[in-house]
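Taken straight from Swiss-Prot:
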- THR48, CYS49, TYR50, ARG51, SER103, GLU108, PRO109, GLN110, GLN114: substrate binding site (BINDING)
- CYS49: active site, nucleophile (ACT_SITE)
- HIS93: site 'Important for activity' (SITE)
- GLY183, ALA184, GLY185, GLU186, MET187, ALA188: NADP(+) binding site (BINDING)
Amino acid sequence: MLVAVGLNQKGATVADREVLALPSEELLDALTAFQALDGVDEVAIVSTCYRVEIFAAARCPAAAELSLRHALEARAGRSLPLFELQGEEAFRHLVRVASSLESAILGEPQILGQVKDAFHRAAEAGAAGKELASVLSRALAAAKRVRTETAVGRAGVSWGNAAAALASKVLGPLAGRRVAVIGAGEMARLTAQHMRDERASVVVLNRTLANAEALAAEVGGEARPLDALEQELLRADVVVSAAPAAPAALAPAVMQRILHARRKRIVMVDLAVPRAIPAETGALPDVYLCDVDDLDRVMKAAMAERAQAAQHAERIADEEVQKFARAEAERRAAPLIQEMRSRASAIAREEVERTLRRLGEDPELAKRLDAMAGSIVSKILHAPSTRLRQAVCDGGANDPLVAAAVQIFDLSAAPAARGDAA
């Protein structure tokens, strides 16, 4: 059975998380130690800035949970706000993690790769085998559905993302477009990063060239002094003003002359409050001026889209958990159903052989009687098998129907109850 034990940003502080942080050079030793714990068969560790979570295939889930808790708290040297999950709930958590539904920023793309890498490294170390490989495959399939069927990974909510979205509405894709960012503060940095992520060519202009150079180095762009702005306006497709006061080059008269020379559209984004770019500049032909109110509307729409996407993603997670539960029920019920079918088939075969001894050897008749007996066994046991699978899914060995089947058919095999050995 799948077991998950760990902590994350939702219930643990940075201080709690950092005492469990696993540097890559310690991962192999940790995997070996955790796999050797009581009740644990296979193990993988997802360790990021926001979480340290252990996923284990356990022959005895209760023992595995206890031993993993003790091991983690021993590593920390104190008690920790650890969560403990089993079976379907452990799988649900893994799906939510891989789909970024548990992330600090909904939709962030890094976690899927981190989960995949964690399980692959565990497999390479010999700590994870077939059971965790199957769990990972199902979780990744669920995460892929969330990414492709919802807007969870597409609806960004930030000033920079909103600025990029507005510019894209006017100019189309920003890849290869030239974006001039005026200023080198936090708003300038965030917007420059988003423009870079859109594969735009970013140039940073600032009164203090050293600050422009630092930001340009961070985003892989160019740095120019602010007095080069008028020259830059002849080339830029997008201008982002993240400075408290607009340079003289953005005045209506100057911009009119620049527009006459450049003869193409330009998007201007004013991030200042009070607004720094004159409204008269925004009224010029081929100028598309956006201010913080425009950005706010885009952000609110993105937030609404993201909330709707999250609801859709939760429904997908529910569907995938149900698939997982059915597969687990099939696996747990298989020994019971197999024994029941084997006994019935053996009885049918004995009766066929007894009939053939009376009727004499006839290969064609034997073939037909075997087929008939097999068909009878399958049809008689189809409904009981279906009911038993559902009973195992609902309650495992504790379900009255399962107990009754074991008694009625005198079976030795029985599925594990939830929380017992898998």
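Glycine too: its Cβ is placed from the backbone N, Cα and C atoms.
Structure with Swiss-Prot features highlighted.
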residue : record                        : DSSP (3 states)
THR48   : substrate binding site        : coil
HIS93   : site 'Important for activity' : helix
SER103  : substrate binding site        : coil
PRO109  : substrate binding site        : coil
GLY183  : NADP(+) binding site          : coil
ALA188  : NADP(+) binding site          : helix
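Across the structure, PRO109 (substrate binding site) and CYS49 (active site, nucleophile) are spaced 14 Å apart at their Cα atoms. The Cα of THR48 (substrate binding site) lies closest to that of GLU186, out of the binding-site residues GLY183, ALA184, GLU186. On its own chain, ALA188 (NADP(+) binding site) has VAL181, ILE182, VAL204, LEU215, VAL240, ALA242, ALA243, LEU271 as residues at least 6 apart in sequence with a Cβ closer than 8 Å to its own Cβ.
Summary of the substrate site environment: with the site residues THR48, CYS49, TYR50, ARG51, SER103, GLU108, PRO109, GLN110, GLN114 set aside, the chain residues having Cβ atoms within 8 Å of the Cβ mean position are SER100, ALA104, ILE111. In sequence order, ALA4, GLU53, PHE83, LEU85, GLU102 are the residues of the chain that are 6 or more apart from HIS93 (site 'Important for activity') and have a CB within less than 8 Å of its CB.
On the backbone, the CA of ALA184 (NADP(+) binding site) and the CA of SER103 (substrate binding site) stand 29 Å apart. Between the CA atoms of MET187 (NADP(+) binding site) and SER103 (substrate binding site) there is a gap of 23 Å. Other residues of the same chain near the NADP(+) site, with their Cβ within 8 Å of the Cβ centroid of GLY183, ALA184, GLY185, GLU186, MET187, ALA188, are VAL181, ARG189, LEU190, THR191, LEU215, ALA242, ALA243. Sequence-distant contacts of GLY185 (NADP(+) binding site), defined as residues of its own chain at least six apart whose C-beta falls under 8 angstroms from its C-beta, comprise ALA242. All chains included, 13 other C-beta atoms sit within 10 angstroms of the C-beta of the residue listed as 'active site, nucleophile'. The two recorded residues, GLN114 (substrate binding site) and GLY183 (NADP(+) binding site), show a Cα separation of 34 Å. Listed binding-site residues: SER103, GLN114; maximum Cβ neighbour count within 10 Å falls on SER103. The CA atom of TYR50 (substrate binding site) is located 23 Å away from the CA atom of GLU186 (NADP(+) binding site). Considering other CB atoms within 10 Å as the measure, the emptiest surroundings among the binding-site residues PRO109, GLY183 are those of PRO109.
According to its DSSP assignment, GLN114 (substrate binding site) is helical.
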